[in-house]
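Read the structure below first, then the notes.
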Amino acid sequence: MGSLLRMNRLLSSIVDSCNCIIDPQLPADDLLMKYQYISDFFIALAYFSIPVELIYFVKKSAVFPYRWVLVQFGAFIVLCGATHLINLWTFNMHTRNVAIVMTTAKVLTALVSCITALMLVHIIPDLLSVKTRELFLKKKAAQLDREMGIIRTQEETGRHVRMLTHEIRSTLDRHTILKTTLVELGRTLALEECALWMPTRTGVELQLSYTLRHQNPVGLTVPIQLPVINQVFSTNRAVQISPNSPVAKLRPTGKYMPGEVVAVRVPLLHLSNFQINDWPELSTKRYALMVLMLPSDSARQWHVHELELVEVVADQVAVALSHAAILEESMRARDLLMEQNVALDLARREAEMAVRARNDFLAVMNHEMRTPMHAIIALSSLLQETDLTPEQRLMVETILKSSNLLATLINDVLDLSRLEDGSLQLDIVTFNLHALFGEVLNLIKPIASVKKLFVTLSLSADLPEYVIGDEQRLMQILINVVGNAVKFSKEGSVSISAFVAKSDSLRDPRAPEFFAVASENHFYLRVQVKDTGIGINPQDIPNLFSKFTQSQALASTNSGGTGLGLAISKRFVNLMEGHIWIESEGLGKGSTAIFIIKLDIPGRSNESKLPFVAKLPANHMQMTFQGLKVLVMDDNGVSRMVTKGLLTHLGCDVTTVGSRDECLRVVTQEHKVVFMDVSMPGIDCYEVAVLIHERFGKRHGRPLIVALTGNTDRVTKENCMRVGMDGVILKPVSVDKMRSVLSELLEHGVVLES
Amino acid sequence: MEIVGKLQNQFMEFMRSLYREGFLDYQFLQLQKLQDESNPDFVVEVVSLFFEDSEKLLNNLAMALQQQVVDYKQVDAHVHQFKGSSSSIGAQRVKNACVAFKNFCEEKNLEGCVQCLQHAKHEYFLVKNKLETLFRLEQQILAAGGTVPVLS
């Protein structure tokens with residue numbers, strides 16, 4: 001434009017100088033020139049202000065890597081502006097300097113603009129790429145944000161699961177577990193409702209067992225074979241189900257519209273499922289159904305991580321429930337065991353009480369029944385010796401026979417009880433075996449001759465004369481066996497033979513486990529009693545040695561007797577480490593009773609232990625009791641001292657105690673007698689006696705207990721007998737009295753005092 | 001010798017009188033029988049113990065009966081002890097007094113009890129006196145070189 005104007009001006013000046021043709025254009029040129037002037041001015045202004053703005057804004061921004069480009073660009077614009085500015089002076093006539101300046105400016109502008117143009121070729125692609133990178137980074141940032149979100153939610157889920165698991169597993173109570181599960185799930189997932197359907201006992205229905213919001217779930221049931229339920233049970237994932245399905249209809253009123261519903265199966269492990277063989281595969285699978293409902297008004301959807309959470313929780317619940325089931329089972333078993341223990345304890349105590357009652361009874365019988373019995377027998381036999389009419393004699397004989405029978409009965413029963421108790425011990429003495437057989441023969445001969453039975457005795461040559469064993473009880477066995485033989489034979493003979501058992505004859509074919517080994521110190525005595533009596537039915541043979549049983553044939557003969565004889569004999573034989581049995585070929589063919597017992601032979605190592613005990617006359621009394629250890633219990637010092645002096649005078653080794661406790665502390669097995677003052681008021685001395693009995697038992701060698709009392713009333717005596725004291729003495733005691741008491745105690749083990 | 005004989009006679013006479021008057025009974029004789037070489041002072045020991053015991057018992061009884069509310073069970077216990085010890089050594093009259101005392105105790109008769117206590121105390125001091133005299137005589141005999149005669 002400027003050049004055009006210049007050309008125009010040049011032309012006009014030429015025209016002017018020519019002064020010829022182009023006249024009419026001249027007045028319009030002024031206006032054009034004015035517009036040009038103004039435009040140039042504004043252009044220059046703009047050109048100057050742009051760099052200023054650029055600088056200002058670049059200074060404001062922190063990052064701008066292309067400063068030098070800016071400088072270039074700025075220079076370019078400034079120069080352009082300068083050019084346009086200088087143009088202003090060239091509209092009119094101008095001097096040569098102005099022209100020079102103008103030219104310089106133009107040249108510079110041309111230079112800079114070319115350089116700038118060249119530079120921009122490099123820079124503009126860079127600037128463009130910056131933009132794309134920025135876009136790229138933005139996208140990436142958005143993606144990372146998304147991923148962060150996911151990770152965070154996953155971590156949240158994990159935390160919830162851990163917390164839920166912890167809550168669930170912190171209890172072993174089934175109800176608490178399930179309730180806690182629902183509560184925590186409800187809280188974690190902000191559920192509207194959460195419910196658990198458990199299978200009923202029959203297994204055909206699911207019953208609503210627990211709900212979150214409802215406090216008392218009514219017994220709603222749904223059949224288990226619904227398609228939706230099967231769908232949920234067939235997979236271990238949480239399944240989204242329709243809110244209209246029956247399991248989701250938890251509210252009775254229908255106007256409530258539930259939100260999204262999800263259901264998951266909870267495996268129920270029963271103890272019967274715990275078969276080690278198929279541990280990983282649970283054959284019978286029962287499931288419970290857990291239904292979770294989102295609030296309807298929030299328009300929330302079930303997210304994947306929430307479903308995963310639900311699945312994990314369901315598994316944990318299953319494990320927790322199985323633990324609870326195991327615990328329940330073990331507690332039940334323990335309770336059962338405790339009950340059984342209690343019952344057993346009770347039974348044991350009852351048994352003990354019964355035994356104690358029986359023993360007490362026996363103790364009473366022992367004394368109270370024997371005493372009158374003996375009185376009756378003694379007096380009846382004395383009566384027999386006097387002058388009597390035949391009728392009276394008959395009566396007395398009957399009395400005697402009956403009382404003898406009664407005495408035997410009492411003895412038998414007492415013996416058997418003691419045998420069964422195990423409290424019976426054999427009285428081992430040295431005795432004459434041959435003489436024993438002779439005695440038995442003498443006893444049985446009268447009865448046998450009345451029945452016209454022949455009785456023969458044959459002792460083998462190698463049978464020792466003196467043996468060591470329980471003489472009395474062997475006699476009892478012999479009398480019993482021979483007596484039976486005589487009793488059950490109406491005619492014929494009874495033959496008794498005794499010999500030393502050899503190894504082959506030791507064997508009873510019916511008792512193959514019985515092995516008897518003879519040695520230097522002992523031997524086995526075999527006795528056979530053969531009779532020609534009524535015999536025994538082979539079927540009855542096993543019952544022969546049972547208590548109180550008698551076969552029909554025997555009972556009909558009215559033989560009397562308790563039926564205890566053989567039982568007792570068997571017990572004695574067993575105590576003597578032997579064996580007894582009866583052989584019979586049948587009814588009417590007689591029978592043979594055989595027994596083998598172990599006896600020791602004297603004259604070997606036994607001799608020193610068992611001194612020969614001669615039969616002493618009945619009224620033999622010991623005169624001194626040298627070193628006999630006794631204990632005196634009396635709370636009265638004077639009385640104690642007197643008793644002590646008395647016993648010391650008789651040679652005893654006396655210990656005194658003043659109280660019950662001291663007595664129990666001090667008493668030992670070594671004290672042979674305990675003298676107890678029972679007139680101490682307020683102190684139950686009888687209890688001391690009981691305790692001493694308990695401590696030392698009723699065996700031989702326990703301290704004998706004698707009561708000293710100032711009063712002989714019935715009550716005191718009864719009390720003493722009741723606790724099993726061995727005697728009662730009236731105070732004050734004279735030396736002679738004490739002497740005779742000690743004597744009797746040591747000989748008989750009891751003081752019978754009226 | 002003469003002195004010994006005289007003392008011995010005195011001793012025997014005294015003993016007989018004690019038995020006759022009922023101060024001592026058969027039990028005391030038993031006690032004397034228990035005295036032998038291994039136990040030469042048996043009687044003296046027992047009697048001394050009796051004295052000690054009795055004095056304590058009498059004090060206890062006196063105190064018990066002076067209580068505002070008399071515990072008859074306690075009194076009965078003491079009397080029982082006293083009776084026991086007196087009968088052990090053969091102090092017959094004391095023992096009888098105790099028997100009566102016990103009856104009053106059972107009846108819870110305070111006046112009766114108090115009277116009985118007095119009576120028992122009286123008897124006790126009497127028999128104590130007698131026994132002390134007896135022992136003095138014994139000592140005298142022994143000091144004179146004789147042996148103490150034994151009543152049969």
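Note that Cβ sites are derived from N, Cα and C of the backbone, with glycine treated the same way.
All annotation found in TrEMBL is predicted automatically rather than curated by experts.
Features as listed in TrEMBL:
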| type | residues | note |
| --- | --- | --- |
| CROSSLNK | A:Lys731 | ubiquitin cross-link |
| DOMAIN | A:364-601 | domain 'Histidine kinase' |
| DOMAIN | A:629-746 | domain 'Response regulatory' |
| MOD_RES | A:Asp677 | 4-aspartylphosphate |
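The average pLDDT computed over the domain 'Response regulatory' (A:629-746) stands at 81. Secondary structure of the domain 'Response regulatory' (A:629-746), assigned with DSSP and counted as helix (H, G, I), strand (E, B) and coil, comes to 53 helix, 25 strand, 40 coil. Around the Cβ of the residue listed as 'ubiquitin cross-link', 20 further Cβ atoms fall within 10 Å across all displayed protein chains. Long-range neighbours of A:Asp677 (4-aspartylphosphate) (same chain, six or more residues apart, CB within less than 8 Å of its CB): A:Met633, A:Asp634, A:Asp635, A:Asn636, A:Ser639, A:Cys685, A:Ala707, A:Leu708, A:Thr709, A:Lys731.
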